[in-house]
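Note sheet for the following structure.
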């Protein structure tokens, strides 16, 4: 019998290495967050210098700079339509920026001096560390802060609809599931909780360990899992319905900073994360093995973002580096 007559199981596409194609320095301080827009046409970056930069995802040229925060910016979130950007700052506020005119600008050259801020959300009593738009509506944002609260906001009115005493230590991350019905939060108190987005009720405590601190938590793109980072050099994939850990990803360094990781789904399924050894790590989601370690930054990398349609990764470095770098897969 010929070997060709047997059905082979579907294999994932062979891994193609990423290489750095661009580096830019759009900020005067550490880069705290990098986020491709859902439409893929803008890369937003945030910094401890208090500004948000909008960059071209092809050459990292600065399209516009958003100014208004009185202190460093820790997190960014895009609305699903890419029209609005939310920023979370140490000045205790969130700002909502209208990016529609940037996308519509003739020749891709918007007025760089235009004030694009349409809302300032006030209520947190300490640094705002995390923000996330509801993927189903640009009128709802969740935030988490050093005041240990999770807050849910009505963007149209600027009103905080729920202020939840969520954790006993700073909230490091908030993230909506894809249908917008629930929110996951992570905290330095070592716990990870699920909240009802409409009522603010706590539906479940997924993790309740005192140590290590949960430094980041997000839902997987299909909404079935939560990716949880902890300050013990680990990333874990958790089935939040059962609370069981399915996969653990290790090899990177994460003891100090809240490092934002990402799912890459444009060519195979990968987990991507920054690291305190100045590298970006890429793991095979299923196999848990490190596929590649991207070297080039000269300080810790605490944020990465994967382009929605292209095989492209953005990363940002802390104060001794300050660069935003772009990595692409060879064809």
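Just so it is clear, glycine is given a Cβ too, placed from its N, Cα and C backbone atoms.
Note: TrEMBL annotation is automatic and uncurated.
TrEMBL lists 25-327 with the feature domain 'WDR5-like beta-propeller'.
Here TrEMBL flags 24-54 (among others) as repeat 'WD'. Helix, strand and coil counts from DSSP across the repeat 'WD' (24-54) read 0 helix, 15 strand, 16 coil.
Using a Cβ-Cβ cut-off under 8 Å and counting only residues 6 or more beyond its ends in the same chain, the repeat 'WD' (66-101) has close neighbours at 29, 32-33, 35, 37-39, 41-42, 44-54, 110-111, 114-122, 124-133, 135-136, 138, 141, 143, 145, 153, 155, 260. Residues or ranges marked as repeat 'WD' in TrEMBL: 66-101 (among others).
Look at TrEMBL and you will find 121-163 (among others) tagged as repeat 'WD'. Residue counts for the repeat 'WD' (121-163) by DSSP state, with H, G and I taken as helix and E and B as strand, are 0 helix, 25 strand, 18 coil.
Annotation comment: TrEMBL describes 164-205 (among others) as repeat 'WD'. Across the range of the repeat 'WD' (164-205), the DSSP-based residue counts are 0 helix, 24 strand, 18 coil.
Taken from TrEMBL, the feature repeat 'WD' applies to 249-293 (among others). A Cβ distance under 8 Å defines the sequence-distant neighbours of the repeat 'WD' (249-293), meaning residues of its chain 6+ beyond its ends; these are 12-13, 15-18, 33, 75, 129, 172-173, 215-216, 218, 220-221, 227, 229-237, 299-311, 313, 315-318, 321, 327, 329.
Under DSSP, residues within the repeat 'WD' (66-101) fall into helix, strand and coil as 2 helix, 19 strand, 15 coil.
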